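Asks: Here TrEMBL flags A:21-49, A:82-105, A:117-141, A:171-195, A:216-238, A:278-298 as transmembrane segment. Taken from TrEMBL, the feature domain 'ABC transmembrane type-1' applies to A:83-297.
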Amino acid sequence: MSVTLVPKRVSRRKSAQEGGSFLAALPWVGPALLLILAIVVFPAGYMIYNSTRKISQVGTDLKGVGFDNFAKVFSDPNLPRILLNTVVWVVVVVTVTVVLSLVLAQFLNKPFPGRTLVRMAVIVPWAASVVMTTTVFYYAAEPNYGILNKFLTDVGVLDEGFGFTKNAVPAMSMAIVIAIFVSIPFTTYTILAGLQAIPNETLEAAKMDGANRWGTYFLVILPQLRGSLAVAVLINIINVFNNLPILKIITGSIPGYSADTLMTYIFKVLQFDRRLDISSALSVVNFAIVLVIVAIYVKTVKPMKEV
Amino acid sequence: MSFLITEDRASRRTVIGRMVAGLLVAAVFLIPYAVMFGGSLKTRSEILAIPPSYLPREGAQWSNYLTMWDTPETPVAFNLISTIVISLCATLLVLLVATPAAYYTARFKFPGKTMFMFLVIVTQMLQPAVLTAGLFKQMLAMNLYDTWLAMILINAAFNLAFAVWIMHSFFASVPKEIDEAAQIDGAGKLRVLFRINLPLVWPGIVTAVIFTFVACWNEFAASLVILSTAENQPLSVALTKFVGQYSTAWQYVFGVSIVAIIPVILLFMLIEKRLIGGLAAGAVK
């Protein structure tokens, strides 16, 4: 963040040179700033404030309780299982997504007739609503009339329809598969962008040096993909960590909290228990984790360097 | 068979192998949507039949696309209107607010610019889901709970960052000299923006608009909590009401989904080429 280290005097002189003080900039950046402050920064602060209050189920602020809500959150017997689920959910989905996307991007970077159409097909789950995609999987996995169960019995994998969404472990597994399915398009395109940025000369030089295919891939291509992989991994971690619809639909009908992640738990507390104070405290914990990931993003990807 | 000759001069067998693999990849990504489409053409009794059929046996029920607007689970027509109004208004708001900010930050230096761009980057990594508990209480306090306006503001605020970011990089690619020449001719800043810059950066604006629109169209978490009246809810929330019901009208769920998905996919395909450029700039999330 070397930009912030520029002495103020210099930047002021420069800005005067280009005819811009903060007041002159305000009509241009003001509306955007106002929207971000009112709808992103303010609710973040308000949420932190609410996490220290006792709030009735209809939303009335009763009194300040200090860190009581956090004490309740951390002594919650459901929390260990929920945190474990969250870690498994994020690690498995992101790892498998990135590995499969590396393979798929490598393939989609090779020329063949019809490649544009295949690339278009890969876009579909990215554009389509996650709720709708998940719904069709939920239907297909229904034990009696679900078409996936019918297919699995027809090809002999199953003897009879299996209730994928009835128990925590199979339901979580199925949610993981869906999350991978909807995360691959973005990840593949990010890696594809990285692949196209590798100069042809680099690859030809590797060939001239007699490197074999795997050697070229691991020693030449993969190191060049570091930037786009960092973007893909971090944005996937954020997206998967904060994903609500997939688990809500697939594991939502399972009683208790054995198939919940931090995010689905927050929404259950907020929607069904209507405990705004507790869900605020949970959200603050969640928000802190997200901010750490954002900090890593800013540090490794350095999106500020061209500003 | 000249079409089998590719730039990397792969053998004919390799090229055919790639085409077969390509077909399989396309199938994997399209099959769920094919199931969706097939299901939308079945009768209610057929889609709940045990064992199920792969293809509509009783003939394609195109009439589902007319009758699906009236189901007991949720007022689908209202949900579609909500989705359209919220997405269009939020996209318009983003465009109005992000364009001047992106232009000014790309062209001029001013005290606080680094802070502003930093705020934009942090916002870009956040989603409404992260702050829903705060937004919920805020909208209650502001008397905006269960209104379209609340969701328009939320969608606009959380998608603003991406639009600023991508438009910023497009404006930055227009040489400053063009602006300066126009200013010497006596054009004001607004005139320079509208007459000189916008025609040059419109691909960036189209990309930003489509991305924002699609994100608003598919938003789920905040809508779920902020909008409680069935008529106000967007399709993403409304469709979850069908799930888990004893005898779900799946044919309608899928018909509505197809109607909601097709325009979005077409929009996304329009910017397919630019997606890779945008991703290379690290601007797309």
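Note: Cβ is positioned from N, Cα and C throughout, glycine not excepted.
Walk me through where these features lie, including what they touch and how far apart they are.
Replies: Listed by sequence, the residues of this chain that lie at least six past the ends of the transmembrane segment (A:117-141) yet keep a Cβ under 8 A from its Cβ atoms are 104, 108, 147-149, 164-165, 174, 178, 181-182, 184-186, 188-189, 243, 245-246, 249-250.
Within the chain carrying the transmembrane segment (A:171-195), a Cβ under 8 angstroms from the stretch's Cβ atoms is held by residues 85, 88-89, 92-94, 96-98, 100-102, 104-106, 108-109, 122-126, 130, 133-134, 137, 141, 164-165, 221, 224-225, 227-229, 231-232, 235-236, 239-240, 243, 246-247, 250-251, 254, 259, all 6 or more beyond its ends.
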Asks: So which residues does the transmembrane segment (A:82-105) touch in its own chain, when a touch means Cβ under 8 Å and the partner is 6 or more beyond its ends?
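Replies: Distal contacts: 122, 172, 175-176, 179-180, 183-184, 187-192, 194-195, 225, 229, 232-233, 236-237, 240-241, 247, 257, 259-263, 265.
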Asks: Is the transmembrane segment (A:216-238) packed against any residues at least 6 beyond its ends, judged by a Cβ distance under 8 Å, and which are they?
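Replies: Counting only partners 6 or more residues beyond its ends, the transmembrane segment (A:216-238) has Cβ contacts under 8 Å with 90, 93-94, 97-98, 101-102, 106, 183, 186-187, 190-191, 193-195, 197-198, 202-203, 206-207, 290, 293-294, 296-297, 300-301.
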Asks: Go through the chain and flag residues at least 6 beyond the ends of the transmembrane segment (A:278-298) whose CB is under 8 A from any CB in it; none is fine as an answer.
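Replies: For the transmembrane segment (A:278-298), the list is 1, 44, 47-48, 50-51, 55, 69-70, 72-73, 234-235, 237-238, 241-242, 262-263, 265-267, 269-270, 304.
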